[in-house]
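> This is the feature table in TrEMBL:
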type: DOMAIN; residues: 28-234; note: domain 'Cytochrome b561'
type: SIGNAL; residues: 1-18; note: signal peptide
type: TRANSMEM; residues: 65-89; note: transmembrane segment
type: TRANSMEM; residues: 101-122; note: transmembrane segment
type: TRANSMEM; residues: 134-155; note: transmembrane segment
type: TRANSMEM; residues: 175-196; note: transmembrane segment
type: TRANSMEM; residues: 208-228; note: transmembrane segment
Ligand code: HEM
Ligand code: HEM
């Protein structure tokens, strides 16, 4: 190993030990046992108390964190809700196909964010146990369950064409989607909280507020579209029943 390389490895190791070892942000409490490390429930989250707040290399650099946060938020706060609003308001023939492809595209965006997230958790030393925090766990569960959605969506579509009404599969697809997407939005908030706690890539108050405002606005737009769409469906169904009654009276 070259001298320069050895020096880098040594400086990295000492930095990591300072941060993840006893008394460091991610390590056990310091020898005084005062519990001042952020990850043992101690409390202080100042970036100057030995966390990796000042060393962006530890999680692969700021670019990776920003790319992860931006892509995952884009998927759950903008794209998935947009695809859901679309299917409620659009009334042209292949709207279902457009919705399906659009949501799959949003899922691909999340897949990229997911890969970056997992990679970041692997960069931090094992003691940090980043993968064991609520934010990554919720993100992993969402990732796994999301695979069911396109399957339910397709079955719903073909059954709907056969029987002309919503089936078990339809309600599964509708309500699983209505559960997973808001959960993803909340998980973005947990990601911002995690970054605040670790001090690495700590978001500004403005960024946290902006995230909350955009997520809130998208949720309200989606709720409004769902109410409008469901009312339209009920009206259309009533008209159908009236026509049927008149024809067969
Ligand atoms: C990850 C992928 C997907 C997600 C997250 C998703 C999510 C959703 C959500 C949340 C709704 C309900 C919107 C609302 O009323 O609030 C919905 C409706 C619907 N989705 Fe998907 N979807 C996905 C993929 C697909 C695919 C692949 C298809 C079809 C091939 C599909 C077909 C439909 C249809 C036809 C509806 C309307 C159902 C009805 O009103 O009875 N979806 N989807
Ligand atoms: C719903 C899915 C997810 C969303 C919306 C999301 C969003 C975010 C956001 C907004 C941040 C803060 C970025 C910043 O401060 O610049 C973040 C940080 C992070 N996320 Fe995620 N994320 C998701 C899933 C995941 C998954 C699946 C993993 C890993 C398995 C993960 C690992 C991380 C890590 C390690 C951080 C950095 C924490 C730190 O700075 O110490 N995330 N995420």
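The count begins at 1 with the first shown residue.
Cβ coordinates are placed from backbone N, Cα and C, and glycine is handled just like the others.
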> Mean pLDDT over the domain 'Cytochrome b561' (28-234): what is the value?
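The answer is 86, the mean pLDDT of the model over that range.
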> With Cβ-Cβ distances below 8 Å as the criterion, list the same-chain residues six or more beyond the ends of the transmembrane segment (101-122) that contact it, or say none.
59-60, 64-65, 67-69, 71-72, 74-76, 79-80, 82-84, 86, 130-131, 136, 139-140, 143, 146, 149-150, 153, 184
> Report the listed stretch (65-89, 175-196, 208-228) having the maximum count of Cβ pairs within less than 8 Å of the transmembrane segment (134-155).
175-196
> Residue list, the transmembrane segment (208-228) vs rest of chain: Cβ under 8 Å, 6 or more residues beyond ends.
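Those are 73, 77-78, 81-82, 84-85, 88-89, 178, 181-182, 185, 188-189, 192, 196, in sequence order.
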> In the same chain, who gets a Cβ under 8 Å from the transmembrane segment (65-89) while lying at least 6 residues past its ends?
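Contacts with the transmembrane segment (65-89): 56, 59, 95-96, 98-99, 102-103, 105-107, 109-110, 112-114, 116-117, 120, 139, 177-178, 181, 184-185, 187-188, 191-192, 195, 200-201, 211, 214-215, 218-219, 221-222, 225-226, 228-230.
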